[in-house]
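Positions annotated as active site, pros-phosphohistidine intermediate by TrEMBL: H116. The ATP binding site annotation in TrEMBL covers K10, F58, R86, T92, R103, N113. According to TrEMBL, the domain 'Nucleoside diphosphate kinase-like' annotation covers 2-135.
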Amino acid sequence: MAEQTFVIIKPDAVAGGHVGNILARYEDAGLRIVALEQRTIDGEFSDRHYVEHLERDFYPPLRVFMTSGPLVAGILQGDDAVARVREINGATDPSKAAAGTIRADFATSTRENCVHGSDSVESAAKEIALWFPGR
């Protein structure tokens with residue numbers, strides 16, 4: 001069933017020159033890019049995106065990282081898009097990510113792990129509404 005999901009190509013992947021490769025992996029898997037925007041976010045916007053993590057110990061350094069430079073936000077669409085993007089991205093910890101996944105190939109840590117993908121259709125809808133209002 002066709003669905004939409006939300007992705008972020010994080011500042012480490014943008015700085016490392018991996019944006020084209022990452023987008024190609026999604027497209028090669030049959031996912032269609034519906035919206036795409038490069039931007040730099042501020043701390044307030046990071047807080048809105050990561051609202052469920054605000055009180056967690058790992059969040060302050062994540063906030064610094066996510067606001068450290070440009071990122072690319074996008075909406076992808078296709079059959080089982082949420083699950084497929086998560087499979088292409090690989091495990092959050094790059095040392096545990098399967099070979100050939102984005103995180104196994106490019107990520108350096110659990111924080112600087114190149115990409116974010118929505119974890120459910122419901123999360124995707126919320127994230128899309130935040131990042132791409134009116135879509």
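Backbone N, Cα and C atoms are what each Cβ position is placed from, and that goes for glycine too.
Remember, TrEMBL labels are computer predictions, not curated facts.
Where TrEMBL records a feature, it is marked here on the structure.
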{"residue": "K10", "record": "ATP binding site", "contacts (Cβ under 8 Å, 6+ apart)": "F65, M66, L71, E112, N113, C114, V115, H116"}
{"residue": "F58", "record": "ATP binding site", "contacts (Cβ under 8 Å, 6+ apart)": "R111"}
{"residue": "R86", "record": "ATP binding site", "contacts (Cβ under 8 Å, 6+ apart)": "G117, D119"}
{"residue": "T92", "record": "ATP binding site", "contacts (Cβ under 8 Å, 6+ apart)": "R103, T110, N113"}
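Fewest other C-beta atoms within 10 Å: among the recorded positions R103, N113, H116, that description fits H116.
DSSP gives R103 (ATP binding site) a helix state. Helix, strand and coil content of the domain 'Nucleoside diphosphate kinase-like' (2-135), in residues and according to DSSP, is 61 helix, 28 strand, 45 coil. Here the domain 'Nucleoside diphosphate kinase-like' (2-135) returns a mean pLDDT of 98 for the predicted model.
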